[in-house]
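Trainee: Feature table excerpt (TrEMBL):
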DOMAIN    22-465  domain 'Major facilitator superfamily (MFS) profile'
TRANSMEM  12-35  transmembrane segment
TRANSMEM  70-94  transmembrane segment
TRANSMEM  101-119  transmembrane segment
TRANSMEM  131-151  transmembrane segment
TRANSMEM  163-181  transmembrane segment
TRANSMEM  193-214  transmembrane segment
TRANSMEM  279-301  transmembrane segment
TRANSMEM  313-337  transmembrane segment
TRANSMEM  344-363  transmembrane segment
TRANSMEM  375-399  transmembrane segment
TRANSMEM  411-434  transmembrane segment
TRANSMEM  440-461  transmembrane segment
Amino acid sequence: VKLMLLDCMTSIMCSSCLLCAAFFGSLGSSFLYGYNLSVVNAPALYIKAFYNKTWIERYGEPISTETVTLLWSVTVSIFSIGGLFGALSATLIIKVLGRKGTLLLNNSFAVIAAVLLSLGEMSRSFEMLIIGRLIMGVDSGIALSALPMYLGEISPKHFRGMIGQFNSILICLGVFTGQVLGMPELLGQESTWIYLFSFLALPAMLQLCVLPFLPESPRYLLMERRDEAGAEKAFQRFLGKKDVSQELEEVHMEARAQDKLHTVSVLQLLKSPAVRWQLITVIITMACYQLCGLNAIWYYTNGILREAGFTESILPYITLSTGAIETLAAIISGLVIERIGRKPLLIFGFFSMAVFFSLLTVFLNFQDRVSWMPYLSYVCILAVIASFCSGPGGIPFILTGELFEQSYRPAAFMIAGTVNWLSNFAVGLLFPFIQETLQSFSFLVFVAVCILGSIYLYVVLPETKNKTFMDISQSFAKINKMPIPSPAQDATKMQTSL
């Protein structure tokens, strides 16, 4: 274990530029996404009270229970709608501004959202809160497309998975930060809850201060901007060495194979038989990412803790353990992904979730009969969270970038993002009805999703670690029934023609 950690850290520290790009790129992007998943939980009662106060000032009567519930539901769910808009618009913005340029522009959405959310109470406008959440959703939708693409293209193939996991690690860290800042001793009070939303501007401003001084994706510069000198300088800075001829040749070989292909549209991607199974794999993996049940697990957490005898005053502190487990599991996954591989971590994560969801179902049904059973239920919840973050929590984004070559990648991320946000919305919409019908057996639905996802990945998904994008495309050639000439054959043809 020491040798593995030393090898990982020594290799990744070879280029501070690469590390800075991964961290600050994720800080202003995926961190904000994770933060927004948890930040609305702590001030929920205060926000509802603000809605009631504003309603009385406007209409002279208290707001009805149904109306405040509707407004709160819209405030929470509109984040996913914004995410869908962001995912749909990301491809066009990336095509015009590039990967880094899109991330920089995206910070403007975060700053605007922070201003609206912070000034909503002062302006006596709950509409500002709702619009702020919508804009923050747009920011997250764009970020979850542009960031994984950027991280995958700036990384050498031997560390592409590790760098890609910065996306997942910062999502988990964002969730944990939202939980910590929402504590009553910090910003989770009636007089300070607006500062929870003001905090959104800080990571965005930090990224704006650092990212302009880091290079654009060298693959984007070479293949889409035809800027070989810029690509060479970018590779040199990211890899920390002067001789990057091997990396440039790898990109050139992919460019020659796609010389007659411009960036394809979503419709062209859907029609292309050459990437059919890559697309199916990304859709299934991204759907499982949302439908595996992690979002639903929060529904039971506080109830299980109350059954275990924990008082209301200490529940927020116990709940912090979930965010800590998330972050720790994501970090460990990032350290071992290049040793173990993407496929084993994904299958292990989904299968482990199925096992612990099954155990949780059993424990929940015996919770009223055995006094210590709630403790086992809570252990299962922590195990489900750790299993998710060990692979399924981040690798789907890495795979979306790895399974497609340059011309297909933007359209692939649009489709993956659409599936991600629609699935997220579906879980939020349908789980309350599933839970009402099946009660504690509702987790068996997620057991089925996790098992089916594991089986599909075992049968179809090839391992992608240490492979070039061309090599990965070759891995799908047989199942797509579309033979693709190898890069070596392309190079031979090129030399022959010359």
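FYI, residue positions are counted from 1 along the chain as it appears here.
Cβ from N, Cα, C; glycine included.
Those TrEMBL annotations? Automatic predictions, nothing curated.
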Trainee: Can you tell me which of 70-94, 193-214, 344-363, 375-399, 411-434 gets the most C-beta pairs within less than 8 Å of the transmembrane segment (163-181)?
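Mentor: Out of the listed stretches, 375-399 contacts the transmembrane segment (163-181) most.
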Trainee: State the non-local partners of the transmembrane segment (12-35) in its own chain: residues 6+ outside its ends, Cβ under 8 Å from one of its Cβ atoms.
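Mentor: Contacts with the transmembrane segment (12-35): 103, 106-107, 110, 136, 139-140, 143-144, 146-147, 150-151, 154-155, 159, 162-163, 166-178, 199-200, 203-204, 206-208, 210-211, 214-215, 237-240.
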Trainee: Short question: which residues 6 or more past the ends of the transmembrane segment (411-434) have a Cβ under 8 Å from it?
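Mentor: The answer is 76-77, 80-81, 83-84, 86-88, 90-91, 141, 144-146, 148-149, 263-266, 268-270, 275, 278-279, 282-283, 286-287, 289-291, 295-296, 299, 396-397, 400-401, 403-404, 442, 445.
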Trainee: Of the listed stretches (131-151, 193-214, 313-337), which one yields the highest count of Cβ-Cβ distances below 8 Å with the transmembrane segment (70-94)?
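Mentor: Top-ranked stretch among 131-151, 193-214, 313-337: 131-151.
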Trainee: Among 131-151, 279-301, 440-461, which stretch has the most Cβ pairs under 8 Å to the transmembrane segment (375-399)?
Mentor: 279-301
Trainee: Are there residues at least six beyond either end of the transmembrane segment (131-151) with Cβ under 8 Å to its Cβ atoms? List them, or say none.
Mentor: 21-22, 25-26, 28-30, 32-33, 36, 40, 75-76, 78-91, 93-94, 99-100, 102-103, 106, 109-110, 112-117, 120, 163-164, 166-167, 197, 200, 217, 397-398, 400-401, 409-410, 413-414, 416-417, 420-421
